[in-house]
Structure formats: C-alpha cells, structure tokens
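What follows is a single structure, written as structure tokens, with notes after it.
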C-alpha cells in the first residue's frame with residue numbers, strides 16, 4: 001500500500017473510531033433532550049464549518065459550488081432532502097444512545113450495507129446474485145427474529161439504517177466537495193434549528209448558557225465532533241478502494257456494541273446473539289460474494305465429488 005493510501009487508511013479508521021465512541025460524548029449530555037442536542041449540533045457545526053472554510057481560504061470555491069447547486073432546482077431539492085435525512089439520523093441516534101438503546105444503534109449500522117443493497121436494487125435497478133440474495137434474506141430473518149421475540153420492531157435500527165442509506169443516495173446524486181456538502185447541508189437546516197432554539201428561549205426551557213457550564217461547553221463541542229469524522233471519512237474515501245472501506249466500516253458498530261454491553265451494561269440476550277450472528281454471517285456472505293470465493297469453492301467441491 002502506498003504512502004498516500006496509508007494516510008487515507010489512517011483517516012478512514014479515525015473517522016470510524018470517532019463514530020464508534022461518539023456515544024460516550026452523547027452520554028455526557030444525557031440531561032439534555034435529543035431535539036435540543038440536535039438543534040445545537042446543527043448550529044455549532046455551521047459555525048465551525050464557516051470558520052474552517054475561511055481558515056482554509058476555500059470561500060470562493062464554496063460560493064461557486066453553492067451557486068451551481070442553487071441554480072438547479074433538482075440539485076437543491078436533493079441537497080435539502082439529504083440535510084433532512086442526516087438530521088433525522090442524528091436525532092434518532094442521540095435519542096437511542098441516551099435512552100439505553102446502544103445495542104439497537106449498533107444493529108442499525110451493521111445492517112446499513114444491506115439496506116444500501118436493497119436501495120441499489122429498488123432505485124438503481126442493480127442485480128444481485130444468489131449469494132447476495134441469501135445475505136439479504138438472512139439479515140431480514142435476523143430483524144424478524146428480534147421482532148418476534150421482543151414483540152416490537154427495532155424501529156431505531158431500521159430508522160438509522162434507512163435514513164443513512166437514503167442520505168448516501170442523495171450524496172451520490174449531487175457530487176460536491178465534502179467541505180461544501182457538509183456546510184451547505186447544515187446551512188439549509190439551521191433556520192429550523194434556530195426557530196426551535198428561539199422557541200425554547202421563549203419558554204425558558206433552553207439548555208445553553210453563556211456562563212460556560214459543562215453542559216454549554218459540551219453543546220458547543222458538538223459543532224466540532226460532527227464535521228471532523230465526516231471530513232476524515234471523505235479523505236479516506238478519496239484514497240482507499242471501496243472494498244477496504246467496506247471492511248473498515250464495521251469498526252463503528254462493533255465499538256458501539258462493545259460500549260453498550262461492557263461500559264453501559266445494556267442487556268445482551270441470547271436473542272440478540274442469534275440475531276447479530278445471522279447479520280454477521282450475512283455480511284460475511286455478502287462480502288465474499290463480491291469476490292471469486294464462491295466460484296473457486298464451487299469448482300473445488302466439484303473436483304472432489306465429481307470423480
């Protein structure tokens with residue numbers, strides 16, 4: 001692997017590790033409601049990104065790219081949809097973590113690649129081979145098994161996987177530089193966040209204070225921890241093969257799962273183990289199906305048994 005690839009690998013791993021341990025940060029804000037955290041996260045992310053753009057002297061490039069997007073109704077519509085989807089993803093994630101559903105969030109990001117596959121088939125008319133179909137069926141069976149045993153659909157998992165997959169689809173439809181995309185998305189959703197914060201101000205239910213309490217400090221910090229892993233991921237994605245990214249992405253749900261079980265003592269039952277095992281097997285099958293593994297295996301078995 002070249003030096004350039006090594007820097008991409010470090011960036012990608014860094015992004016996924018930050019995302020994996022991010023629940024620890026949200027736990028520091030457990031006394032603040034998820035909608036409040038989301039609103040401050042959007043606002044402070046925009047402040048950080050604008051400062052970063054001027055610091056890197058990218059403001060002219062940013063303005064030109066934004067003009068190109070705004071001039072196309074289709075593009076601006078897709079970007080707005082992307083901003084709403086990633087906001088929904090953030091909201092569900094923060095709520096789930098602080099309500100003791102970290103294992104469920106982990107499940108959501110494990111099944112995310114398979115939801116991407118379903119979107120590819122349903123929206124982009126992509127075709128799956130037999131092994132890939134088996135992987136999708138296994139994942140569906142795992143979710144069904146959880147639902148049947150616990151009597152409720154793991155909606156947080158499905159909402160996280162679905163919103164992030166649809167967000168990824170929006171990003172594919174409008175290709176811009178990462179710094180432009182992140183800034184524009186937060187800029188478009190900031191008016192809603194500000195309106196919500198103004199409402200909190202009028203009802204005296206706001207969580208932020210200019211006296212710099214620990215809570216206020218951590219709320220400001222959300223504007224830094226949000227874009228940094230996104231920018232690291234963008235750098236890694238530009239320098240690494242997609243196959244390597246596909247493997248590294250499981251760092252995030254694995255770390256979240258381990259934190260949920262061992263640090264925050266969430267219940268991990270035999271039902272969870274069976275469901276997660278099915279999903280891990282599905283991911284393994286799906287990954288191998290993209291290689292020549294099963295073709296080589298079939299030929300080897302044929303030589304053994306057809307003699």
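Placed from the backbone N, Cα and C atoms, the Cβ positions cover glycine too.
As recorded in TrEMBL, the features of this protein are as follows:
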type: DOMAIN; residues: 7-144; note: domain 'EamA'
type: TRANSMEM; residues: 7-26; note: transmembrane segment
type: TRANSMEM; residues: 38-56; note: transmembrane segment
type: TRANSMEM; residues: 76-95; note: transmembrane segment
type: TRANSMEM; residues: 107-124; note: transmembrane segment
type: TRANSMEM; residues: 131-148; note: transmembrane segment
type: TRANSMEM; residues: 182-200; note: transmembrane segment
type: TRANSMEM; residues: 212-233; note: transmembrane segment
type: TRANSMEM; residues: 240-264; note: transmembrane segment
type: TRANSMEM; residues: 270-297; note: transmembrane segment
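Relative to the transmembrane segment (212-233), the listed stretch 7-26 leads the set 7-26, 131-148, 182-200, 240-264, 270-297 in CB pairs under 8 A.
Contact between the transmembrane segment (107-124) and the transmembrane segment (240-264) is supported by 3 or more Cβ pairs under 8 Å, counting only residues 6 or more apart in sequence. Per-residue confidence over the domain 'EamA' (7-144) averages 92 (mean pLDDT, predicted model). Among the stretches 7-26, 38-56, 76-95, 240-264, the one making the largest number of Cβ pairs under 8 Å with the transmembrane segment (182-200) is 38-56. Against the transmembrane segment (270-297), stretch 240-264 shows more Cβ pairs under 8 Å than any other of 38-56, 76-95, 240-264. Sequence-remote contacts of a segment are chain residues at least 6 beyond its ends whose Cβ falls under 8 Å from one of its Cβ atoms, and for the transmembrane segment (7-26) they are 1, 37, 93-94, 97-98, 102, 105, 218, 221-222, 225, 228-230, 232-233, 235-240, 244-245, 248-249, 251-256, 259-260, 263-264. Using a Cβ-Cβ cut-off under 8 Å and counting only residues 6 or more beyond its ends in the same chain, the transmembrane segment (76-95) has close neighbours at 26, 34-35, 37-38, 41-42, 69-70, 105, 156, 159-160, 163-164, 166-167, 170-171, 173-174, 181, 184-186, 188-189, 226. Among residues of the same chain six or more beyond the transmembrane segment (38-56), those with a C-beta under 8 A of the stretch's C-beta atoms are 62, 87, 90-91, 94, 179, 182-183, 186-187, 189-190, 193-194, 196-197, 200, 207-208, 219-224, 226-227.
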